[in-house]
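First the structure, in the form of structure tokens, and then the observations on it.
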Amino acid sequence: MISPAQDPYASRTDRSSAIIARQDPVVYGEGKFADALSADQVQSYERDGFLLLENLFSDEEVAALLAEVERMTRDPAIVRREEAITEPGSNAVRSIFMVHVLSPILGRLVRDPRLANAARQILGAEVYVHQSRANMKPGFKGKEFYWHSDFETWHVEDGMPSMRALSCSVLLTDNNEANGPLMLVPGSHRQFISCVGETPRDHYKQSLKKQEYGVPDPVSLQLLAEQGGISTMTGKAGSVVFFDCNTMHGSNSNISPWPRANVFMVYNSMENTLNPPKYGLNPRPEHIATRQAFKAVRPLDSLKLVER
């Protein structure tokens, strides 16, 4: 087991918080493994730690995806499953995990070349699905999600070795300034924030509702925001946000009348598969972090997502 002293991205140990320079590339293989993105788009992703592509999916595709997500949130058989996470203090569904397995159309979405080939291009390798989920923020009562780096959690709680993973968020509703859109700190992917506090047992049961461990300290957050600012990912339904696993991000609550729904697909390099979790922690369940049943994503041959 690697000790905190040997871990280049040590976090949640008995030491104080720290800002650590990233030791991994952002774009692997010079972005030449696939050709879904232009050179300018790859450069923008490498610089900022994220990339917004507007109107990547058609209205017909978005309607089919949104209808499927809404069906899943109403299906008692799915809502009772451990993959379904409710909002703090209510029975409203906040997230559904492993959606690429639970739903045929979302299983096709994760293989859509517009997503999968972009991930393969940036990560410079074949990829697999580390995690997939649908996130909902109903109007008036959708809760916030505090600032965090996904990699901090995936490294500590899942044993992900390196920063060679990315998320893509497919917007299924219009995301505007009022309904709690994703916020990202440009350039924050270049620095790893080591967090304080020992991870409780089965932390995931609480953190998926409200994360309290593995969150950065206010001083580090302020420094990152002063250096890079904060970008709000607003866009029409059908747009997609790709963002690096270490980009600092969060979202406000939704007290507007307009619901927000997104589907997240997390791609990890086949050369970056999980080790045991850090510091003696137990592995999180398979539906949160794919450890056993993984295989390389084979992109679909066409852009035909919706089957007639």
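Quick reminder: no glycine exception, Cβ is built from N, Cα and C everywhere.
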Given that Swiss-Prot annotates HIS148, ASP150 as binding Fe cation, state which candidate in HIS100, HIS249 belongs to that site as well.
HIS249
Ranking the binding-site residues GLN131, LYS137, HIS148, ASP150, HIS249 by other Cβ atoms within 10 Å, which is at the bottom?
HIS148
Determine, to the nearest whole angstrom, how far the Cα atom of GLN131 (L-ectoine binding site) is from the Cα atom of ASP150 (Fe cation binding site).
11
Across all chains shown, how many C-beta atoms besides its own are within 10 angstroms of the C-beta of TRP154 (site 'Important for ectoine stabilization')?
27
Going by Cα-Cα distance, which of the recorded positions (HIS148, TRP154, HIS249) sits nearest to LYS137 (2-oxoglutarate binding site)?
HIS249
